[in-house]
Amino acid sequence: MGAYLSQPNTVKCSGDGVGASRLPLPYGFSAMQGWRVSMEDAHNCIPELDSETAMFSVYDGHGGEEVALYCAKYLPDIIKDQKAYKEGKLQKALEDAFLAIDAKLTTEEVIKELAQIAGRPTEDEDEKEKVADEDDVDNEEAALLHEEATMTIEELLTRYGQNCHKGAPHSKSGAGTGEEPGSQGLNGEAGPEDPSRETSAEENGPTAKAHTGLSSNSECGTEAGQGGEPGTPTGEAGPSCSSASDKLPRVAKSKFFEDSEDESDEAEEEEEDSEECSEEEDGYSSEEAENEEDEDDTEEAEEDDEEEEMMVPGMEGKEEPGSDSGTTAVVALIRGKQLIVANAGDSRCVVSEAGKALDMSYDHKPEDEVELARIKNAGGKVTMDGRVNGGLNLSRAIGDHFYKRNKNLPPEEQMISALPDIKVLTLTDDHEFMVIACDGIWNVMSSQEVIDFIQSKISQRDENGELRLLSSIVEELLDQCLAPDTSGDGTGCDNMTCIIICFKPRNTAAPQPESGKRKLEEVLSTEGAEENGNSDKKKAKRD
């Protein structure tokens, strides 16, 4: 199924709430994993960020959930800590906060925390495992030395003398034919696989190469990338991945060079003579050869540059949280009658204005004119399918520092920028509610379709006569967007998170039944008639 489950996970995390008396903002939210193998969304519902401000936000993670969860945990406080926030400049505060939390993701302390959130081993843990394995090897060697120290000379000769006699003819034949398992050619290419070499590779597993899943041989690197199990924290290569620099047993190596020493000298002399002859006959100068080599080097360098440009996160072997993962972020602050929305990525905030959808954010896509210009200026490319260097299909996000490595540009001008767009709206009686959601919703339904869907249900009442919970409406929306299977283009197969926030208090209490009202009116009218009748009788008696 690739990135999808065989069956969708439709368990929902939902909730409802309301703000303080000063900000009576009813809200409801729900989140669902859906067809994805993991849940990478996060959100904030904070009706009292301070006594005058409410905050609602959605974070849609990619490459892992760690950056989204980190933002949900720390971004509210980072916003409040900004100087501009304390001065009442909320737009500037949001911009500064987005860039500030993005910068924090590159610090060693935060990278470790992200690794813990993601459940990946940190470098310290890797080092401990490596040291532990080295200690085991040292202990084994010490035990072997101790055993040999207590052995007699006859026992030592028996152990090593017999091995040498048995090994010598075996190694000679292996060197001569090159057919014996474990043989190695002059170019360092490994011969047919040998179980002893596989064991050696496994024992030397906790090294830098094994942890990156790469070997010093490009072919082995390919095997490691294909053969490694997805999601393996250390990215260890399988036994089939062996280094081209692996050494053969010393006995075999020395015997090989003893037998071929004279032959190699003769071969070198013949090679020199042939080179001189070819240069004289063809008129091929060394300068021309150097020029061709320079051209080849230039072409190779250009190809390397192109490959580097088109690299995507994770291709270098070891994934690093915050570099190979990131998140969108759409944050809405409500203070008094002001709604301020900051957005980086393709999550979205939409307001219902007299039943019409009013977009309060702009989806950042690489193919858009402004975004494309920035990406190219930073040295990047956008592929035909709308991906930056063939990888990320977003142009703005928090994290993704793999795309933010141009040292000549400030953070906001990198290929992927964390700088948000800001929109401000003065709320009126026409503004009923707003919706904040990730692209798992917006890829299935348009802004107006979502507003219409909610509008048709927000006044519905349950069997007890009370207004429906907002979270129940969101849950129904998620089910509406969920694809029946994964056979399509991925629409409806993403994680889904959505929040509905009403700008006015909701009268959730059940209305008084009409029959009760009529009975009460009849009683009151009867009593009034009787009083009027009695007064007439009294007047008649007096007359």
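Numbers here mean position along the shown chain, with the first residue as 1.
Cβ atoms here come from the backbone N, Cα and C positions, even for glycine.
Noted in Swiss-Prot for the protein shown:
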LIPID     Gly2  N-myristoyl glycine
MOD_RES   Arg22  omega-N-methylarginine
DOMAIN    26-503  domain 'PPM-type phosphatase'
BINDING   Asp60, Asp439, Asp494  Mn(2+) 2 binding site
BINDING   Asp60, Gly61  Mn(2+) 1 binding site
REGION    116-139  region 'Disordered'
COMPBIAS  123-139  compositional bias 'Acidic residues'
REGION    163-326  region 'Disordered'
COMPBIAS  259-310  compositional bias 'Acidic residues'
REGION    508-543  region 'Disordered'
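Same-chain residues at least 6 positions away in sequence with a Cβ under 8 Å from that of Asp494 (Mn(2+) 2 binding site) are, in sequence order, Gly34, Trp35, Arg36, Cys438, Asp439, Gly440, Asn443. A gap of 30 Å separates the Cα atoms of Asp60 (Mn(2+) 2 binding site) and Arg22 (omega-N-methylarginine). In this structure, Gly61 (Mn(2+) 1 binding site) is part of a beta strand by DSSP.
Here the C-alpha separation of Gly61 (Mn(2+) 1 binding site) and Arg22 (omega-N-methylarginine) works out to 33 Å. Per-residue pLDDT, averaged over the domain 'PPM-type phosphatase' (26-503), rounds to 77. Under a cutoff of 8 A between CB atoms, and with a sequence separation of 6+ in the same chain, the neighbours of Arg22 (omega-N-methylarginine) are Ser51, Glu52. Cβ atoms within 8 Å of the centroid of the Cβ atoms of Asp60, Asp439, Asp494 (the Mn(2+) 2 site) belong to the same-chain residues Asp41, Thr328, Asp346, Ser347, Cys438, Gly440, Ile441, Trp442, Asn443, Asn495, Met496, site residues excluded. Residue with the densest Cβ environment among the binding-site residues Asp60, Asp439: Asp60, by other Cβ atoms within 10 Å. Within 10 Å of the C-beta atom of Gly61 (Mn(2+) 1 binding site) sit 27 other C-beta atoms, taking all shown protein chains into account. The secondary structure of Asp439 (Mn(2+) 2 binding site), as reduced to three states from DSSP, is helical.
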